[in-house]
Amino acid sequence: MKNKGKLLEFLTLFAMTIGSVVGAGVYFKNKEILLDTRNPIIAIILWIIVGTVCVSMVYLFLEIASSTRNGGSGTIGVWTKLFINRKVGSFFAILNAFFYLPVMQSMFVSFFITFILMMFSTAQLKGIHFLLIFLSTGIVIIIINALINIFNLSISRKYQAFGTIFKFIPLVIALIAGVVLFDKNGAFLSGGFDTTTPTGEIKREEWSTTNFNPLLFFRGFGGILFAFDGFIFICNSQRKAKHKDVVPKALILGMIFVSVFYTLIAISLLMGSPDGSIVKLLERLFNGGKVVKATDSSVVSRIANILTSVIIIVICSIGSNNLSYVSFVVIESDIIDELYLPSQKDISLKKIGIIQACLAITVFSTFILVGTLATVGLTNTATVEQAISSTNGVIYPIQIVATSNACLSFVMIVTLIIGALFNRKTNKVEVEKKKGFIVLGLIAASCLVLFVTMSFFTIVVPLEVLTKNTSWFKANFYQGPLFVLLTLLELVSVSVFWFIQEKRRKKYDLENSEVQVSKKPTA
């Protein structure tokens, strides 16, 4: 019976690891990685490298997460509070809950709307109409998710359980389909594809399997880091485990499985998809192996487009609900752990849900407005395909900021790893020490610094600036300036919120009052 219990817990943790990590990255970022590296082979190599480092990070976080085994929430803010100090922990908590999670939720919501519109890809609308469609639909989705979290969290949990199974179905299909459909239309052999800009111009995106310019090896990390950043949510699972000895094995083997699975999926997509994305691969599959174009009017092509869109819409719905749920729980946990202070001593779950929804709506609306103004414009007319392209359309700024936020999350992670390394010398925090932690920690921290630095460089300096002497201000639809402006706006906003919190905290400490959540924690 004991062995059966261990096996069950091992399988549960193993499945939870896979379900937590596998998500948006493999669905939406493989195309971005291909365009960054301009070489399918380099893209695959980077998947392997980053996957290996992320496996080591799971092992490192088993020691870090053990710091809260006797109390405290397993969030990035709480761990930073313990290993660094309370002020840095508070800053990271605000960055995580007020920006990182809302940005990620906004990305899923924007893709949800995008693939609804993709079923009408040849329709023409003005920029103001695209703006209104995105804002009205997106805000409704965010509010619905918030209401679910406020009144019945079990619905979100059940939906996520369904989502964990459902999101693997298209991936398994794609894994097989990419190999079966491998031909000159796949990214490996095609050498590029044509894309239509919001202004109606045809732009050729090209790559090569023979170009191994060293610079290209440093340009695909951002999208891959985005694909792996969910690992941090599973590292605190040892806190409730009955058989502690199975936790490291389950989590590490789960992460190894994810790394191998991601690599195989990336290879398959590059073999069968015209642009390296799962969307184009599924469209080819449903269209009898032929590439689907926006101008195709055949019944089979239309059905292929609709079926693919419906699958991705469900995936985006699952992701949006998950991020809303995680945001809700993280805000609640951080309030309980006093990483930021509400204006009231007794705050209700209803108010937490309202705060979470307002944050998501603000972030989503800001980036959709910026995206519309920077690409289509309010008065110009464009087809749906032109306006909502993920590489130069309305949702492009959200794509950029989502990748940069994934990089910022790894900045927080590497800071925490460094703090944990220093803790080995100071013993300030009591932890379950893991063998090889110092060596692995130094290697992982060094790799992450390189990955994150090059990810930011890739976003700030588009490849055409280096290879075609294009103006930095105009390259890739103002990518560099937009990223700098939006990231500075984000960090300044976090700093302002943090400063206000610190001013309030002085008063809070003097009054020595205790903040309470009016219902039991959901975390």
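A Cβ is built for glycine as well, from the same backbone N, Cα and C atoms used for every other residue.
Nonlocal intrachain contacts for the transmembrane segment (7-28), taken as residues 6+ away from its ends with a CB within less than 8 angstroms of a stretch CB, comprise 58, 104, 107-108, 111, 164, 167-168, 171, 223-224, 226-231, 233-234, 237, 241-243, 246-247, 249-251, 253-255, 257-258, 261-262, 265-266, 277-278, 312, 315, 319, 322, 390, 399. TrEMBL lists 7-28 (among others) with the feature transmembrane segment.
Residues 17, 30, 33-34, 187-188, 207, 209, 212, 216-217, 220-221, 224-225, 228, 231-232, 234-235, 238, 247-248, 251-252, 255-256, 258-260, 262-263, 266-267, 270, 276, 413, 417, 420, 432, 434, 436-437, 440-441, 443-444, 447-448, 451 of the same chain, all 6+ positions outside the transmembrane segment (40-62), place their C-beta atoms under 8 angstroms from a C-beta of that stretch. Per TrEMBL, transmembrane segment is recorded for 40-62 (among others).
Under the heading transmembrane segment, TrEMBL lists 91-118 (among others).
For 130-153 (among others), the entry in TrEMBL reads transmembrane segment. Residues of the same chain lying 6 or more positions beyond the ends of the transmembrane segment (130-153) and with a Cβ under 8 Å from any Cβ of it are 105-106, 109-110, 112-113, 116-117, 320-321, 324-325, 328, 349-350, 353-354, 356-357, 360-361, 364-365, 368-369, 372, 376, 378, 382, 387-388, 394, 522.
Long-range contacts of the transmembrane segment (165-182) within its own chain (CB-CB distance under 8 A, at least 6 residues past either end) are made by residues 22-23, 26-27, 188, 261, 264-265, 267-273, 278, 281-282, 284-285, 289, 311, 314-315, 318. The transmembrane segment annotation in TrEMBL covers 165-182 (among others).
For 216-234 (among others), the entry in TrEMBL reads transmembrane segment.
Positions annotated as transmembrane segment by TrEMBL: 246-271 (among others).
Summarising the annotation, TrEMBL assigns transmembrane segment to 306-331 (among others).
Residues annotated as transmembrane segment in TrEMBL: 352-374 (among others).
Residues or ranges marked as transmembrane segment in TrEMBL: 394-422 (among others). With a threshold of 8 Å between CB atoms, the same-chain residues lying at least 6 positions outside the transmembrane segment (394-422) that come near it are 28-29, 32, 57, 60, 63-64, 76, 79-80, 83-84, 88, 92, 95-96, 99-100, 103-104, 106-107, 110-111, 114, 130-131, 134, 198, 222-223, 225-226, 229, 232, 364, 367-368, 370-372, 374-376, 387-388, 431, 437-438, 441-442, 444-445, 448-449, 451-452, 455-456, 459, 477, 479, 482-483, 486-487, 490.
The list of residues near the transmembrane segment (437-461) in space but at least 6 beyond its ends in sequence, with Cβ under 8 angstroms from a Cβ of it, reads 36, 50, 53, 56-57, 59-60, 63, 218-222, 225, 400, 403-404, 407, 410-411, 413-414, 417-418, 420-421, 424, 472, 479-480, 483-484. Summarising the annotation, TrEMBL assigns transmembrane segment to 437-461 (among others).
Marked as transmembrane segment by TrEMBL: 481-500 (among others).
A contact between the transmembrane segment (481-500) and the transmembrane segment (91-118) is present, since 3 or more of their C-beta pairs, 6 or more residues apart, lie under 8 Å.
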